[in-house]
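Novice: My questions all concern the structure below.
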Amino acid sequence: MEHIARFFFGVSGNVIALFLFLSPVVTFWRIIRKRSTEDFSGVPYNMTLLNCLLSAWYGLPFVSPNNILVSTINGTGSVIEAIYVVIFLIFAVDRRARLRMLGLLSIVVSIFATVVLVSLLALHGNARKVFCGLAATIFSICMYASPLSIMRLVIKTKSVEYMPFLLSLAVFLCGTSWFIYGLLGRDPFIIIPNGCGSFLGLVQLILYFIYRKNKGPAVPAGKGEAAAAADVEDAKKVAAAVEMADATTTNKAAADTVVGDGKVVASQV
């Protein structure tokens, strides 16, 4: 019965994580149409790519037995994120931005290659699992921290304009699914990052219900029009900066995340 329940939550996590990975599609369609990345940042997609690669590697049978569902979603996520990165490279706003993306991509490839080579050539058995699990967990937690910027923005503006309900719900459900999957499999490298993702998703939902009636940036009391306008403009800039990171949430398995248009996607382990 426990195996069936674990399989169920693993499949559920795969489905929800896929939604999170695909959430920035609208943004990338805009980039393709305008043939420019404009002010969008490609950093979150490079980080999510690394997260997915490490998590997919961790889930392979010779690294971590009985975690193949972790590999399936993160393998899929790796392909999706790689496509996003390629689009950024093609439509980079200028040569400097393109070189920056290439630099980040080279770092991603170097880190992943190092983890793979060390785990294959120097480690075996449980030592290999622990090493790869730690690497994946560290970057999963970093990805789950992405929503913090959006939550700060919501509290500052008292508006949920930049934090869509469905995306926040997906982040919570994704993190929760993989958290339970990890509990049933007694795997701390899945439990820890996705526990963080589930908690942050819950906080997002709480903030949404607190400020759900405010659909536009609020004007802080006691501020003049100029100051209020500055706050609104600042809010827009912050939203644009974080725009591509929330995805979460998608985990090591994709429970860990993606941010598109002010949203986050996590990646799951």
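Even glycines carry a Cβ here, placed using N, Cα and C.
Pulled these from Swiss-Prot:
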DOMAIN    8-96  domain 'MtN3/slv 1'
DOMAIN    132-215  domain 'MtN3/slv 2'
TOPO_DOM  1-6  topological domain 'Extracellular'
TOPO_DOM  28-42  topological domain 'Cytoplasmic'
TOPO_DOM  64-72  topological domain 'Extracellular'
TOPO_DOM  94-100  topological domain 'Cytoplasmic'
TOPO_DOM  122-129  topological domain 'Extracellular'
TOPO_DOM  151-164  topological domain 'Cytoplasmic'
TOPO_DOM  186-189  topological domain 'Extracellular'
TOPO_DOM  211-269  topological domain 'Cytoplasmic'
TRANSMEM  7-27  transmembrane segment
TRANSMEM  43-63  transmembrane segment
TRANSMEM  73-93  transmembrane segment
TRANSMEM  101-121  transmembrane segment
TRANSMEM  130-150  transmembrane segment
TRANSMEM  165-185  transmembrane segment
TRANSMEM  190-210  transmembrane segment
Novice: Could you name the stretch, out of 7-27, 101-121, 165-185, with the greatest number of CB pairs under 8 A to the transmembrane segment (73-93)?
Specialist: 7-27
Novice: For the topological domain 'Cytoplasmic' (94-100), give me same-chain residues lying six or more residues beyond its boundaries with a C-beta closer than 8 angstroms to one of its C-beta atoms, as numbers and ranges.
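Specialist: The answer is 37, 42.
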Novice: Where among 7-27, 101-121, 165-185, 190-210 do we find the most Cβ pairs under 8 Å to the transmembrane segment (43-63)?
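Specialist: Maximum Cβ contact count belongs to 101-121.
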Novice: So what's near the topological domain 'Extracellular' (1-6) in sequence-distant terms, Cβ-Cβ under 8 Å and 6+ beyond its ends?
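Specialist: Same-chain contacts beyond the ends: 180-181, 184-185.
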Novice: On the DSSP side of things, how many residues of the topological domain 'Extracellular' (122-129) fall into helix, strand and coil, could you say?
Specialist: 5 helix, 0 strand, 3 coil
Novice: Could you give the residue numbers and ranges of same-chain residues that sit at least 6 residues beyond the topological domain 'Extracellular' (122-129) on either side and whose C-beta is under 8 angstroms from one of its C-beta atoms?
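Specialist: Contacts with the topological domain 'Extracellular' (122-129): 58, 62-64, 189.
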